Amino acid sequence: MALLQLPPILAAAALPSHSEKLSRTNARITLSTTQIPSNPRHHQLKKNRHKLSAVAEGITAAAGDESVIQEDEAVEHKESSARYDWTEEWYPLYLTKQVPDDAPLGLTVFDKQVVLFKDGDGVIRLAKLSEGQLYDGRLECLYHGWQFEGNGKCVKIPQLSAGAKIPASACVRTYEIKDSQGVIWIWMSHKTPPNLEKIPWFENFDRPGFRDVSTIHELPYDHSILLENLMDPSHVPISHDRTDWTAKREDATALFFEVVERTDRGFAGHWGRERDRSMPDYIPNFLRFEAPCVLQNNREIVDKNGERNYFSGLFLCRPSGQGKSMLIVRFGNTTQPPPMLKLFPQWYFHQNACKVFEQDMGFLSSQNEILMKEKVPTRKLYINLRSSDVWVAEYRKWMDKVGHGMPYYFGHSSISLPEIPAVVEHAPAGFVANFSASQPAKGGVGTMEAPNPANRYFRHVVHCKGCMSVVKSSHSWKKALSVAAAVSTTLAILVSGRQWKVLFLLSTAVLLAGCAVLISQWLGICSPLSKHVLLLPLMTSFCIKGIQPKAGSCPAAEIIVKNTVRSASDLDPTIPGKLLRLLFHDCFVEGCDASILLQGNGTERSDPGNTSVDGFAVIDSAKRLLETFCPETTGGPSVQIPTGRRDGRISAAANVRPNIIDTSFTLDEMAKLFFAKGLSMDDLVTLSGGHTIGKSHCSSFSDRFKLDPNGNVTVIDSSLDQQYAVQLTKMCPAGARDDLITVNNDPSTPFQFDNQYYKILLEHKGLFQSDSALVNDNRTMNKVVEFANSQDDFFESWAVSFLKLSVVGVKTGDEGEIRQSCSMPNR
């Protein structure tokens with residue numbers, strides 16, 4: 001194996017997400033394949049553990065409020081600082097068994113970007129070298145084809161002239177890395193020789209019969225906040241209630257802590273529940289924190305036969321840039337697992353570990369933001385209780401002593417802020433992670449391949465060979481199931497018996513789809529959020545909504561509609577936005593009666609205001625499938641079901657313009673239309689959030705600015721950001737055909753249904769005048785700010801307002817008809 005570091009010239013470049021397997025590195029290391037010999041320190045630790053516990057009572061005494069750790073107990077930074085250099089430490093890079101066999105691996109330690117791979121090393125310029133390839137034992141960059149040998153020497157640059165020498169600067173430096181107890185460690189200093197005695201050694205992992213489950217996780221907050229979280233046992237019963245078999249809300253209680261060791265390298269001590277302390281033969285948990293970022297929590301239990309069983313929770317944290325960290329988790333014990341437990345696959349335990357971190361993600365990423373914003377030591381922000389937060393206080397006090405030797409830190413009484421701004425990922429960690437935490441079973445809010453900070457696929461699966469194997473298998477199964485579904489669908493069409501049609505349909509649409517959903521759920525691989533938000537209300541509208549199956553006649557009707565929209569959206573990400581606009585334009589004219597679908601001169605569809613409305617083909621496709629698999633289910637007696645409604649017979653172009661909102665409308669003009677439909681001002685702000693997806697033609701906003709003869713931009717609408725106006729003029733050049741150019745409503749996340757729309761409004765980057773009107777009036781401004789700050793609030797409000805919209809002017813009973821063809825009224 002080898003390890004490479006990025007050259008200094010790349011240090012200021014935006015740090016890529018490791019989930020993208022991106023690396024820009026320029027130094028290399030040979031990995032010793034021999035294991036670190038058994039460390040004699042573990043015998044000393046065992047001996048010291050008993051000796052130090054005798055002085056524990058003397059450490060816990062304090063004056064003042066007995067429930068709170070007082071500020072005057074803080075370790076004074078200036079008087080107690082210890083020599084410390086963060087580069088002269090071993091950092092956990094990766095689990096040995098998870099290092100890819102045939103591809104480079106991009107990793108980061110603080111601000112140092114490195115590449116780890118087997119039998120090679122290298123990195124050049126800004127290429128994604130971690131997405132390079134191993135070629136004849138060399139690492140080759142896929143961007144320019146530069147090749148590097150294992151000693152860091154650049155041996156091939158195809159672009160060099162004949163006879164030209166390879167520049168010495170193209171070669172790379174090396175770091176020392178070692179494999180110890182299944183973990184690869186890196187020594188970050190080039191000045192000081194590696195100190196093997198500093199490599200942590202874990203006694204329990206060297207015991208006979210010890211078994212462990214190890215996972216890797218990327219997390220969107222600083223490593224110090226991660227360590228705080230891992231040192232805080234009091235939050236487990238509340239935050240992780242019933243996530244595993246041991247966490248229960250009713251078990252939240254006071255804890256006791258006994259600090260038995262404090263050194264410049266860390267601290268250690270016992271802890272447990274106060275109510276268990278008086279139990280006979282009770283053995284408490286033993287926690288040890290060791291520099292730079294190693295935490296272990298051990299427990300010994302004596303069974304009824306007098307045999308000791310050993311349990312360990314090992315947490316190896318690595319700072320991977322500001323606001324980011326990587327964690328290796330290893331849980332193990334010496335007990336024999338129950339036979340039934342052996343039946344569970346490894347990915348089952350991995351998904352549970354992912355769920356735990358996702359449940360905390362929102363709180364911790366927000367905490368990260370607060371620390372960066374407030375810029376004060378933690379003692380001014382935290383209330384540390386003696387019955388829950390002793391380890392947190394100890395850790396921050398330790399940071400006071402050694403933080404001067406780190407790139408940045410937040411201590412109990414002192415701080416040192418980063419010299420460079422934090423690297424921003426694809427979205428603010430706080431709000432994205434918070435959404436993930438609200439749906440821990442789902443994980444991410446994007447597709448499997450989307451670089452989403454909350455996506456479980458990128459937080460864990462890409463770092464786990466076992467889970468990746470399941471993902472690849474699922475892809476193979478999906479191909480096989482697609483063939484089986486096609487055969488089953490064909491048979492359903494060919495057979496004449498109604499019962500056979502239903503049988504084949506259910507076997508494809510329910511069983512096969514259900515299998516794929518079960519596989520994807522644990523991985524946190526879900527369809528784009530925009531589809532999920534829109535699918536349910538959309539499939540209750542547009543002609544399809546008029547199909548009212550007789551009881552039990554077509555139980556899979558909703559599945560057909562849902563899968564039709566999902567498939568169309570996979571091929572064209574703009575489909576959800578088109579369907580959403582279609583619904584607005586239908587409901588605001590003659591009510592939600594599918595009148596916009598009718599074709600012909602003088603219909604709503606023919607009006608110029610609806611020229612750019614699209615998505616009709618998706619509705620027609622779903623209609624044809626329903627007619628195939630649910631024959632003769634239209635008409636007949638009306639069955640009262642939530643999706644039941646009837647189609648309108650009238651569709652007049654003259655009714656369009658007076659009832660739809662123009663992009664140049666003022667707030668009062670929009671409110672008048674909304675009030676006429678029984679919708680409120682809050683509904684107006686909420687439903688305007690639909691502009692978070694979709695595209696618009698240049699003519700819908702081009703009157704907000706103009707170009708003078710010299711090409712300078714003059715903003716006509718003062719509520720539009722000047723720089724954004726300049727950007728829009730480049731997207732919509734003068735003289736270009738309007739029907740050929742479209743601009744994303746939301747420039748940041750155009751195909752993701754989120755609250756980004758409200759954020760860009762506050763930046764005065766709303767695309768339309770009607771958008772900007774929401775932030776220019778006190779009647780709506782507060783709601784815009786609320787939604788910009790809380791995606792959860794927006795989603796909750798959207799569910800209510802969108803339901804109200806979907807029943808505007810709905811026709812029931814004898815009103816309207818149930819159309820046989822979506823585009824033509826019945827004859």
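Cβ atoms here come from the backbone N, Cα and C positions, even for glycine.
Look at TrEMBL and you will find H585 tagged as active site, proton acceptor. Under DSSP, H585 (active site, proton acceptor) is assigned to a helix (H, G or I) in the three-state scheme. Cβ neighbours within 10 Å of H585 (active site, proton acceptor), excluding its own Cβ and spanning all shown chains: 21.
Marked as Ca(2+) 1 binding site by TrEMBL: D586, V589, G591, D593, S595, E604.
The secondary structure of H691 (heme b binding site), as reduced to three states from DSSP, is helical. Within the same chain, residues at least six positions away from H691 (heme b binding site) with a Cβ under 8 Å of its Cβ are N745, D746, Y757, G766, L767, F768, D771. The heme b binding site annotation in TrEMBL covers H691.
Under the heading Ca(2+) 2 binding site, TrEMBL lists T692, D746, T749, D754. The number of other Cβ atoms within 10 Å of the Cβ belonging to D754 (Ca(2+) 2 binding site), over all protein chains shown, comes to 25. D754 (Ca(2+) 2 binding site) falls within neither a helix nor a strand when secondary structure is assigned with DSSP, and so counts as coil.
TrEMBL lists C554-C630 (among others) with the feature disulfide bond.
On its own chain, C587 (disulfide bond) has K677, L805, S806, V808, G809 as residues at least 6 apart in sequence with a Cβ closer than 8 Å to its own Cβ. Sequence annotations record features per position, and here TrEMBL assigns disulfide bond to C587-C592 (among others).
According to DSSP, C698 (disulfide bond) sits within a helical segment. The disulfide bond annotation in TrEMBL covers C698-C732 (among others).
For 90-186, the entry in TrEMBL reads domain 'Rieske'.
According to TrEMBL, the feature domain 'Plant heme peroxidase family profile' maps to 537-826. When pLDDT values are averaged over the domain 'Plant heme peroxidase family profile' (537-826), the model yields 74.
What TrEMBL records for R581 is site 'Transition state stabilizer'.
The Cβ of D746 has fewer other Cβ atoms within 10 Å than any other of the binding-site residues D586, E604, D746. Local packing around the recorded positions V589, C698, C732 was summarised as the count of other Cβ atoms within 10 Å of each Cβ; on this measure the leading residue is V589. A 10 Å radius around the C-alpha of H585 (active site, proton acceptor) takes in these recorded positions out of G591, E604, T692, C698, C732, D754, in sequence order: G591, E604. Within the set of recorded positions R581, T692, C698, C732, T749, the entry lying nearest in space to S595 (Ca(2+) 1 binding site) is R581 (CA atoms). T692 (Ca(2+) 2 binding site) sits 25 Å from E604 (Ca(2+) 1 binding site), taking the CA atoms of both as reference points. What surrounds the Ca(2+) 2 site, by Cβ distance within 8 Å of the Cβ centroid and not counting T692, D746, T749, D754, is the set I693, S748, P750, Q752, F753, N755, Q756, Y757 from the same chain.
Neighbour counts were taken as the number of other C-beta atoms within 10 angstroms of each residue's C-beta; across the binding-site residues S595, T692, T749, the minimum falls on T749. The two recorded residues E604 (Ca(2+) 1 binding site) and R581 (site 'Transition state stabilizer') have their Cα atoms spaced 14 Å from each other.
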